[in-house]
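The block underneath contains the structure these notes are about, expressed in C-alpha cells.
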C-alpha cells in the first residue's frame with residue numbers, strides 16, 4: 001500500500017509540475033498575476049466549449065433545430081464567468097482592514113467628541129462590531145492603542161494569553177476563526193482556504209459568492225461532461241463496432257456497391273471470426289505487415 005501511495009504521489013507531483021510549467025502564473029505566489037489567472041480561466045472554458053461547437057456535428061444540428069438548448073447552455077457559461085469575476089475581485093475580509101476602519105472611526109469620534117465636548121459615553125461616531133454569542137453586539141470606542149487588543153481579547157475565554165492570539169507574521173491580534181494566509185501575506189477573517197484560481201482567499205466577506213460560483217461551475221461541468229460523452233459515444237461506438245465485426249468503414253458504407261458483398265445479407269459479416277477472435281486478432285496478432293483474407297465460401301457464409 002505504501003508503494004502504491006508513493007507512486008500516486010510521484011505521479012501527482014509530476015503532473016502538477018508539468019501543469020505549472022505550462023501555466024507559470026499559477027506556480028509561484030509571487031508571480032500569480034490577477035489578469036493572468038483570469039485569462040487562463042476564460043481560455044480553458046472557451047477551449048473546452050469551443051471543441052464541442054466546432055467538431056460535434058450533432059450538437060451543431062441540434063442548435064439549428066432547438067436553439068433554446070444551446071442558449072441555456074451559453075447562458076450558464078456566461079453566468080459562471082460573471083460569478084467568477086465577481087468572486088475573484090471581492091475581498092475575503094482582512095483583519096488589517098477591520099483594524100484600519102476601527103482606527104479611523106476612533107479618530108473621527110475623538111475629534112467630534114473634543115469639538116462638541118460630549119462625554120466619553122456618547123455613542124456618536126462609534127463603530128458597531130457584531131459579536132455572535134451572549135452579546136448581540138458592542139460599540140467599539142476609545143483612542144488608545146490597546147483598544148483593538150481589548151476588543152479581540154474579550155472574544156476569547158478569560159485567561160487567554162495575548163501571545164496565543166497574535167499573528168507571528170502580521171503582529172496583529174487575530175479574532176477567533178481568523179488565520180494568516182501565506183499567499184496573501186495577510187490575516188483573513190473566518191479563513192476558509194486560499195483559492196489558486198481566484199488568486200485570493202475565501203473568507204468571511206466572499207464565502208457566499210464563492211459558494212454560488214462553485215454551484216454554477218459544477219452545473220456547467222456536468223452539462224459539458226454530458227455533451228462530451230455524447231460526442232465521444234458517437235465517435236467511438238462505430239469504430240468499436242467495426243473492430244468487433246471485422247469490417248471497414250468502406251465495407252459498411254458501400255456494401256451495396258461491392259460486388260462480392262452485395263448479395264450477402266446485411267446481418268452476415270463475411271470476414272468475422274467471432275467477437276473475441278476479431279478483437280484478439282485486431283489488438284494482439286501482428287504476424288505479418290500484409291495480411292490477405294480470402295472471401296469465405298458459401299458454406300462458411302451459411303454457417304455465419
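Each residue's number is its place along the chain shown, starting with 1.
From the backbone N, Cα and C atoms, a Cβ is placed for every residue, glycine too.
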Which range is transmembrane segment per TrEMBL? Of 35-55, 98-118, it is 35-55
Any idea which of 67-86, 127-146 is down as transmembrane segment in TrEMBL? 67-86
Look up transmembrane segment in TrEMBL and report which of 210-231, 232-253, 254-275, 276-297 it refers to. 210-231
Close approaches to the transmembrane segment (67-86) from elsewhere in its chain (Cβ under 8 angstroms; 6 or more beyond its ends): 38, 41-42, 45, 49, 59, 198, 209, 212-213, 216-217, 219-220, 223, 227
Tell me, roughly as an integer, the mean pLDDT over the domain 'Palmitoyltransferase DHHC' (163-236). 92
Helix, strand and coil residue totals from DSSP for the domain 'Palmitoyltransferase DHHC' (163-236) stand at 33 helix, 14 strand, 27 coil
